[in-house]
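The following features are taken from TrEMBL:
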type	residues	note
DOMAIN	B:21-249	domain 'MacB-like periplasmic core'
DOMAIN	B:290-403	domain 'ABC3 transporter permease C-terminal'
TRANSMEM	B:21-45	transmembrane segment
TRANSMEM	B:286-311	transmembrane segment
TRANSMEM	B:331-364	transmembrane segment
TRANSMEM	B:376-395	transmembrane segment
Amino acid sequence: MDSDRAQSDPAAVAAPLVAVEALTRRYRMGPQTVHALEGVTVAIHRGEFVAVMGPSGSGKSTFMNLLGCLDRPDAGQYRLNGREVAGLSSDALAALRNRSIGFVFQSFNLLPRQTALANVALPMVYAAVGHGQREERALAALEAVGLRGRAGHRPTQLSGGQQQRVAIARALVNEPLLLLADEPTGALDTATSIEIMALFQRLNRRGITIVLVTHEPEVARFAGRVLHFRDGCLTADLVQAPEAAA
Amino acid sequence: MTALDALRAALDSLRANPLRSALTMLGIVIGVAAVIAMVAVGAGARDQVLRQIASLGTNLILVGQGSIARGGVKLGAGTASSLTEDDALAVLAEIPDVMVTAPSVRWGLQIVAGNQNWGTVLFGITPDYMDARDWTVEAGRGLSDDDVAQANKVVVLGRTVVRSLFGGGDPIGQPVRVFSTPLTVVGVLGEKGQNTQGQDQDDVIFVPLSTAKRNIPGMAKSNPRFIHSMVVKMRDGSDMAEAQAQLRDLLRQRHRLITDQDDDFWMRDLSEVSATRDASSRALSFLLAAVAAVSLLVGGIGIMNIMLVSVTERTREIGLRLAIGARRRDILIQFLIESTTLSLIGAAVGVVLGIATAAGVAALAGWPTLIRLDSVVLAVAVSGVVGVFFGLYPARRAARLNPIEALRHE
């Protein structure tokens, strides 16, 4: 299973981390078919910081769910780290989400009765990491988001920004190939949003590939590349000089 | 996800709503406590009945003198005087598997000692009678063949009679009187307690058969060999029905009864009594088990209800767990362990409560109770099965959630 992450095959290293071709997803809503995503082709390389933008209904969330292996495409191909995802079993997809992808959500989704440390350790429960190792790795992840001192706090004892940083630590704890953030600043005030974006930039500089969905241009300006979606199609793919958040 | 992780998650979730968890468990607690307490009461009662029956002896046949009919009028039990000591000897000699026959006569009378008197029942017996009915001698000696042969004026007293006549004093060697006959007390019988009908079995006195016949007015009547009844003791494991049939044939033949004449004796097999008692207490146990099963079922439905609520409440948690790599099986197992933990904790509390209830019933109502290990094991096992069975549907529902929709759930 660790081969997902530690592929040393030179061809795989040269290939983009995310290679999407003609990706299509349709939903049936009553008699209508909604074209949530129509033939999207894009490649994302290691170390990129990509913002995905678009109005609601543009397909950006569908795109995100497909990248995160939470959903399956109706047509097209998705290679993650050179590996075709389409044919994988539901258990194999769960393993892929566990080891190769880290999720950050708008509403944090922390377990309210667990400490920050236990929340961060949760993905390791499903990765067969020994109990002894879990605490050490969870503390290291909290350290990376600057919250080592709050390991024993419950989410209700933390501010919104701190909660989101715990969630980011949880996303990082299994050292994923790809960090997916869905409106991570949507529930935060401007100053805290900028702090979170600064954290993403720091992590990105350390080599973590980030794909971030947002509808706010002020957030997208911190990314190095912006994908614009509209009506299920990719309408623009712009490389930009990211603004420094801190 | 290891079992330890799942157990920890389950306990954590149960602790989150302690009152709700406790109320949910209540059905199982009551069910298990009911099984254990009721089985304990049932088993205690059955055990007592079986011991009483064993004290009578299950391989015994009682034969008594029956009624005679004069012109179609039946005169009631004991009116015939056809049963004799010779019948008893013939039964012993001619029917295989008969170990002992013990002829006896009985008479209700007053016994006098000094200035005390007591109404009791006198049995005129041979020593075999004591053996056949499992009487023991607590003090002094029992009756001997010599006593019977010489019609010695000796008597053995039951515990109740001793208490009534002598209080705490030693009766051995003391003179007593029945009618006008003086007798010497030679022994005291071991205590037997009440029989299955609640009669005091210790309110008896035993004298030699010959002594009874010679000294009790009117006893010998026209036939000096007559007896009221005899106890026939069969070898252990004999076919009692077969033995009864042989006995009946032999006695009818000896009494020269023709084909359509009624028996002039009655016969009772104590194993019949024991079978009836056993069957009725078994039926009671079954009824109690059914009641307990219903309450466990209700408890299970309570668990299912609360687990469904829990799955709905924790939809986002389930979505999150799926997103960070839980397989559907992990979610299924987590919720199954949660429902099973709920029912097993309930079962543990129920076991304690059930044992306490049984002890309380024994102490307060004075009923004999017997905690049966198999009822404890069965109740706990059934609770575990109830937890899994009623947890399965909610757990499957949780495991089948779509992670995208679950994460969006409000």
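Backbone N, Cα and C atoms are what each Cβ position is placed from, and that goes for glycine too.
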Tertiary contacts of the transmembrane segment (B:286-311) (same chain, 6+ residues out, Cβ under 8 Å): 13, 20-21, 23-32, 34-35, 38-39, 41-42, 318, 335, 338-339, 342-343, 346, 379, 382-383, 386-387, 389-391, 393-395, 397-398
Within the predicted model, mean pLDDT of the domain 'ABC3 transporter permease C-terminal' (B:290-403): 92
Secondary structure content of the domain 'ABC3 transporter permease C-terminal' (B:290-403), with strand meaning DSSP E or B: 98 helix, 0 strand, 16 coil
